[in-house]
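Notes to accompany the following structure.
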Amino acid sequence: MDKFSQSPPLRDDLVRGSSLNWTKEKENILKGPFNYLESHPGKDIRSQLIAAFNAWLDVPEESLNVIRRVVAMLHTASLLIDDVEDNSQLRRGIPVAHNVFGTAQTINSANYVYFCALKELAILNNPAVIQIYTEELVNLHRGQGMDLFWRDTLTCPSEDDYLEMVGNKTGGLFRLAIKLMCAESPSHNAHPDPFQRNDYVPLVNTIGLLFQILDDYKNLSDTIYTQNKGLCEDLTEGKFSFPIIHAIRADPGNLVLINILKQKTTDDEVKKYAVAYMDRAGSFSYTRKVLRGLTKKALTQVDEVDAGRGRGEQMKTILEKLRVDRNHQRGVLTPAAGGASIA
């Protein structure tokens, strides 16, 4: 008898590719970075938006729970990847996951959760949701890819290109949630002609732009944001955010700001100088003006979607929370000597 015939047989589950021996302990290992970040929740604007849109869509609770889980999973997983790609140090006031678990394990955890979320959607037994999921995950990666390209090549995008990127990256997860809800809403699908159904996408696109530009604004001007993510983190990342793009394009011949971005500085005084420069360029006042315009547009879209049904109050409450004048901090960041404060 040769030595190979004496070898123990392979377990049947290994031969057949069964996952019966996949244990909770192994699952926790893979999801470690994901669970770490998930245990420190953010403000969860996405759940609030789902609840507000559901006042119109009336999605069955069982389907809505699946959608909530999927959106939460994707959001947290995308933050894990964002923090790696941006070399961030803090997220929600705690060390980023890749500084705790390592970069490779964090990337794998996030990618794993993307597919776990897809498996969750299969519960709905609706082919349309898989198409929606794929489409918006493609959009998310397109947006992220352009954002990274501009940063890594020190290329200042046009405002239109930036808004397109935001529509793909930030708007993608917002749209994903609402499109999934529409696919699972009996009342929404009751009309036989799809072109006669309410279109919620323009509203959610506006909210995505509003949310991201407000986030850009707060990153450079908000003390609470500084506590959670660090002082003017966008400058340290070398990111072309909305106010930064305005300041650079307001005076293309002045290379001060673009050189500060190139340095990816951690020097607080340099960052405060950059903020003062943007303030003098009118970039913060311009950003506030754009945000007010987006809020006004969103409120108009709420009334159009509601069409007199009286179900838009939750959405208006959310928009009130996102109003820039509620988030505007005065005189937060000033250089140690000289320079203008935020007006």
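Every residue gets a Cβ built from N, Cα and C, even glycine.
Per Swiss-Prot, the features are:
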BINDING   Lys43, Arg46, His75, Arg92  isopentenyl diphosphate binding site
BINDING   Asp82, Asp86  Mg(2+) 2 binding site
BINDING   Asp82, Asp86  Mg(2+) 1 binding site
BINDING   Arg91, Lys169, Thr170, Gln212, Asn219, Lys229, Lys239  dimethylallyl diphosphate binding site
SITE      Tyr114  site 'Important for determining product chain length'
BINDING   Asp215  Mg(2+) 3 binding site
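Mapped onto three states, the DSSP output places Arg91 (dimethylallyl diphosphate binding site) in strand. Ranked by how many other Cβ atoms sit within 10 Å of their Cβ, the binding-site residues Arg92, Lys239 place Arg92 at the bottom.
Annotated isopentenyl diphosphate site Lys43, Arg46, His75, Arg92; additional same-chain residues within 8 Å of its Cβ mean position, judged by their own Cβ, are Pro41, Gly42, Asp44, Ile45, Thr76, Leu79.
Local packing around the Cβ, expressed as the count of other Cβ atoms within 10 angstroms, is greatest for His75 among the binding-site residues Lys43, His75.
Asp82 (Mg(2+) 2 binding site) counts 17 other C-beta atoms within 10 Å of its own C-beta, drawing on all protein chains shown. Ranking the binding-site residues Thr170, Asn219, Lys239 by Cα distance from Arg92 (isopentenyl diphosphate binding site) puts Asn219 first.
Take the CB of Arg91 (dimethylallyl diphosphate binding site) and look out to 10 A: across all protein chains shown you find 23 other CB atoms. Cα-Cα distance from His75 (isopentenyl diphosphate binding site) to Tyr114 (site 'Important for determining product chain length'): 10 Å (rounded to the nearest whole number). Looking at Thr170 (dimethylallyl diphosphate binding site) and Lys43 (isopentenyl diphosphate binding site), their Cα atoms lie 15 Å from each other. Local packing around the Cβ, expressed as the count of other Cβ atoms within 10 angstroms, is greatest for Lys169 among the binding-site residues Arg46, Lys169.
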